[in-house]
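Residues or ranges marked as divalent metal cation binding site by TrEMBL: 66, 104, 312, 316.
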């Protein structure tokens, strides 16, 4: 496939608009066009060892779940390992694409894969995603009616207010009089100025309607998951299930105050990777994530919530095999898809 065609297909699989605002997703390194992709190489972390593996396997595009370029690069030299990744990629005509939190949000993504380690359960996003393009602009819509005497003057003043969009007018008949219905979108700050302007004229002000523009929620899409098990099971059983699902010999467990390993677990809040900010404040019997700060673990335990930590990328990497199969279907088996064998969490139990 042509690189640009493939990137478009990957964006259709998981829209970059679903990623968190702080994230750096999409095509990060692009060889000069035209660039044909025969082999797509999947990894959780693009390290130098993994890059050499991609070169050996003749990859044309690396899909790295974590973006290897996050903080801006001021130069591309051989001095630092992330700069060297870019150099090696371009020398070998390998593109780099990263989906990161877009894959966290989608219904067929990383967090849903992680829920499969709990056993039979239902799940909903902890922080649902909203439709990224609806509405296009503004936080509020203001509508009011004006007669010919006031219309031109008020429109002239409104157009001078910043952050006004979607301004439309429509002839209407109100109580037997010919008037004009004015509708506009505006920001929260601009709303104060619009209301102040309209309030100068009682006729306009009493015919004003203000609507809060809310983007619709996307079903089954968003950050984190709150899972309700079909039957409660002991914390020790959940630990064994998670170890089996992630193929780990060990995980770290903090038992909630007043609980034991045999205490029942019914509700689990989870977040692949680093879960502190996503899980914080959620009522559950158990938090499951890769890593949390020491003090956030203490807070959870004191609030009667047990914690299982598996190390950051251990809660993500196993998804790559499922992703390979899903992308093969999505891309109609047009390209070869390979999962890295060198990719691993940097932390090991010694």
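Note that Cβ sites are derived from N, Cα and C of the backbone, with glycine treated the same way.
It should be emphasised that the depicted structure is a prediction, and the values quoted were computed from it without experimental measurement.
Long-range Cβ neighbours of residue 104 (divalent metal cation binding site) (same chain, at least 6 residues apart, Cβ-Cβ under 8 Å): 110, 111, 223, 271, 272, 273. Listed in sequence order, 44, 65, 110, 272, 273, 290 are the same-chain residues at least 6 apart in sequence whose CB falls under 8 Å from the CB of residue 316 (divalent metal cation binding site). Scoring each of the binding-site residues (66, 312) by how many neighbouring Cβ atoms lie within 10 Å, the top position goes to 312.
What surrounds the divalent metal cation site, by Cβ distance within 8 Å of the Cβ centroid and not counting 66, 104, 312, 316, is the set 44, 65, 100, 110, 272, 273, 274, 290, 313, 315 from the same chain.
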